[in-house]
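Listed features, source TrEMBL:
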type: BINDING; residues: Asn98, His103, Glu108; note: oxalate binding site
type: BINDING; residues: His101, His103, Glu108, His147; note: Mn(2+) binding site
type: DISULFID; residues: Cys30-Cys39; note: disulfide bond
type: DOMAIN; residues: 53-199; note: domain 'Cupin type-1'
type: SIGNAL; residues: 1-20; note: signal peptide
Amino acid sequence: MVPKMLVLFLIIFHGSLTFASDPDPVFDFCLPSETHSPCKNSSLAKVEDFIFSGIKFPGKFINGSGFSSIAVNSNVFPGLNTLGMSMVRADFDVGGVNVPHFHPRATEVAVVLEGKIYSGFVDTSNRIFAKVIEKGEVMVFPRGLVHFQMNVGETPATIIGSFDSQNPGLMKIPAAVFGSGIKEDLLEKAFGLSPEELAKLKKRHASHSLG
């Protein structure tokens, strides 16, 4: 009886680890340590470790996309370490676009602070769920599904996104496809592109960061 119960426990335990986004914390908090210890001595913690002011103002628009994002994770906000969550502030100029992308390790919940955002995701059967959401409205993007946003209003827009992982990961589809070094003949055949068209896309996305 004991071996059977042990096997059952191991199956259940392994399953819980498989489906969890991040491991459950074993301390009240775990501030990153500069030593070999996993956590800084809790007696050295101060209130500033649990407050972050870096998203009070919008970021800078780059690459002509009219879009900027400021990640809030344990790298810049020590108090988040081991808590299984992170955030992002995203700002959109008029017509600004957050290109199709996905987070392999997290579900995202996004709330519109200002503006009108055409927002949506595509499921694994290629069904699209999208509409314009406005100030005060919230949309969820299930983990691992491609999603996107575009400012369709006449003024700048801002959203705050929250993730159920300390490290959600980010894969931007255009940069992953055209900026990663995939063989050109494969891309030409897959997308029906001419060599000249492909060269333009590769030049545009080769320098874009995936982070």
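Just so you know, the numbers here start at 1 and follow the chain as drawn.
Even glycines carry a Cβ here, placed using N, Cα and C.
The Cβ neighbour count for His103 (oxalate binding site), using a 10 Å radius over every protein chain in view, is 24. The DSSP breakdown of the domain 'Cupin type-1' (53-199), given as helix, strand and coil counts, is 22 helix, 59 strand, 66 coil. Most other Cβ atoms within 10 A: among the binding-site residues His101, His147, that distinction falls to His147. Counting only residues at least six positions away in the same chain, the Cβ atoms of Phe67, Ser69, Ala90, Phe92, Phe148, Gln149, Met150 sit under 8 Å from the Cβ of Asn98 (oxalate binding site). For the pair His101 (Mn(2+) binding site) and Cys30 (disulfide bond), the Cα-Cα distance reads 30 Å. In sequence order, the recorded positions near His103 (oxalate binding site) (Cα within 10 Å of its Cα) are His147, drawn from Cys30, Cys39, His147. Fewest other C-beta atoms within 10 Å: among the recorded positions Cys30, Cys39, Glu108, that description fits Cys39.
Distance noted between the C-alpha atoms of Glu108 (oxalate binding site) and Cys39 (disulfide bond) is 27 Å. Between Cys39 (disulfide bond) and His147 (Mn(2+) binding site), the C-alpha separation comes to 35 Å. Confidence annotation: the domain 'Cupin type-1' (53-199) carries a mean pLDDT of 93 in the model.
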